[in-house]
Amino acid sequence: MDASAINNLFLIGALLVAASILVSAFGTRFGIPILVIFLAVGMLAGTDGPGGIVFNNYPLAYLVGNLALAVILLDGGMRTRVSSFRVALWPSLSLATVGVVITAGLTGLAAAWLFNLTLLEGLLIGAIVGSTDAAAVFSLLGGRGLNERVSSTLEIESGSNDPMAVFLTVTLIAMLASGQTGFSWDLPIQLVQQFGLGALLGLGGGWLLLKLINRMELATGLYPLLVVSGGLIIFAITTAVGGSGILAIYLCGLLLGNRPIRSRHGILHMLDGLTWLAQIGMFLVLGLLITPHELLPIALPALALALWMILFARPLSIFLGLLPFRAFHDRERIFIAWVGLRGAVPIILAVFPLMAGLPNAQLFFNVAFFIVIVSLLLQGTSLPLAAKLMRVTVPPEPAPVSRAGLEVHPTSQWELFVYRLGAEKWCIGAALRELNMPEGTRIAALFRGRELLHPSGSTRLEAGDLLCVIGHEHDLPALGKLFSQAPKRGQDLRFFGDFVLEGDAELAAVAALYGLKLDGLDGHQPLGRFIAHEIGGEPVVGDQVEWQGLTWTVASMEGNKVRKVGVRFPEGSRPGPGLFL
């Protein structure tokens, strides 16, 4: 390759990335998933598009896909809070194992019949498309305001179900290549090895990487590079010894993100950019790899297979996988079933048969690609509507307009939060000394217009003020309530109910206030504990139960404890005046 060809490669690559970014700004206005846009740009630049680029280098696509997926999972792990495991760990693991097997099996049976394949070939297609995609889930769920049980289950499932799909795919390819027709008893051992080594090396390697980062004094910009390179080392070593590198790098990120670490905000900031670049690069390459005219002959059976998987196989796997977990409402199960987003992982797995030289390998690849497109277009675009219909969203927590880390010491967790005060804020007109600031927080600066004020305790806040507060992440809920908008009738109150009660209130007192019958219940127990017991499992904000003809909604949580409960009366009923006290 001469200098001119290299320069042209740089130019084409930069143009494709820039085009993807610019087009995505228009596409998102029409509700088109951003990953579909990246994929479409790659297809337009490919063989059948105006770009006419011929790209059929499957090993390179495999390399790019795995590298991008590793970066995406590392970032996703660092942004996942361990506290979410309280409600979602075991359900997610059930879906990541049993759920994938059921989805792959049912989809494989249908694929064998629709495409006139052998049972093993059909099951291979099922295994290829059997797992949800972390890149798609993290990208499309961000900022949707889903309740914690649903969002955590979907995110942890997508970050941990790829090992099962990879294991099934590799096993079936080996069986087809060797002519083996029966399953070996070694398979469960190999499965345990994949998950066991992935978990052990991911957590162990992550701990060693954390210690190294916190002991090394480097230039600020080098810490993110050390995290990425360390994560990739763990990914590669785990894969080399027969474990799941995908699971290992996700758990590595999870450990790093939930422990005190140097330059946390710098690491997350750079990882955010790298993750976007990884998603763009991965979907561009996969878009270049496909030849659209080859999809036309298989369009009808592939569409039928996609609909079978979306409407039957995935929902059945969800309902069976979540059967032991009674805290999940049917509407939550339906929504989780619908958000079985397929993305880059099935396409990457579909490269495996091509690299192994299996018969019908191109068919497997084309079918997987078609299913991914249908999934992103159908499920991705309808996600906001599905969330609304299934009532799995909750009012967003008030958040600062910006936040930045303060490197006071190597593992400092101090942050600077910036709040813009609108006219509807509770605190407008209040003197600074009157603010009930959370313990350990301080007002660092107050801007009015373009001027930096020198505030005193008597300074009164005005609409439009910019308030800078120093605190910790755990102070955000209290600060949000302090500087949040005054709730308008019909917004948050409409969601949580007509009134919001303290979770510590005695059940007997609440029953007396509303004229309810306890029917032998312990009246001395707190209302929050009673509601949590009625929900079953671990409660989250937005959980609802019906009791005594009223709807009771968890309005606020503090750790595992229900702190506030909303109550809604039936339409047309008129609560007594005592309720307004």
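Yeah, the Cβs are placed from backbone N, Cα and C, and that goes for glycine too.
Range 122-142 is the one annotated as transmembrane segment, of 122-142, 458-478, 500-520 (source: Swiss-Prot). Spatially, the transmembrane segment (303-323) is adjacent to the transmembrane segment (95-115); three or more Cβ-Cβ distances between them are under 8 Å for residues at least 6 apart in sequence. Proximity of distant same-chain residues to the transmembrane segment (6-26), defined by a Cβ-Cβ separation under 8 Å and at least 6 residues beyond the stretch ends, is recorded for 34, 37-38, 41-42, 45, 53, 277, 280-281, 284. The residues of the domain 'RCK C-terminal' (404-485), classed with DSSP into helix (H, G, I), strand (E, B) and coil, number 13 helix, 28 strand, 41 coil. Sequence-distant contacts of the transmembrane segment (34-54), counting only residues of its own chain at least 6 positions beyond either end whose CB sits under 8 Å from a CB of the stretch, comprise 12, 16, 19-20, 23-24, 27-28, 135-136, 139-140, 279-280, 283-293, 343, 372-373, 376-377, 380. Residues of the same chain lying 6 or more positions beyond the ends of the transmembrane segment (231-251) and with a Cβ under 8 Å from any Cβ of it are 67, 69-71, 73-74, 76-77, 134, 159-160, 162-163, 166-167, 190, 193-203, 205-206, 209. Below 8 angstroms of C-beta separation, residues 31-33, 35-36, 39, 111, 115, 121, 124-125, 128-129, 136, 140-141, 144, 286, 290, 294-295, 298-299, 302-303, 305-307, 309-310, 338-344, 346-347, 349-351, 353-354 of the same chain, each at least six residues beyond the ends of the transmembrane segment (363-383), sit close to that stretch. Most Cβ pairs within less than 8 Å of the transmembrane segment (280-300), among stretches 58-78, 122-142, 163-183, 189-209, 334-354, belong to 58-78. In summary, the transmembrane segment (163-183) does not lie against the transmembrane segment (58-78): fewer than three C-beta pairs, each 6 or more positions apart in sequence, are under 8 Å.
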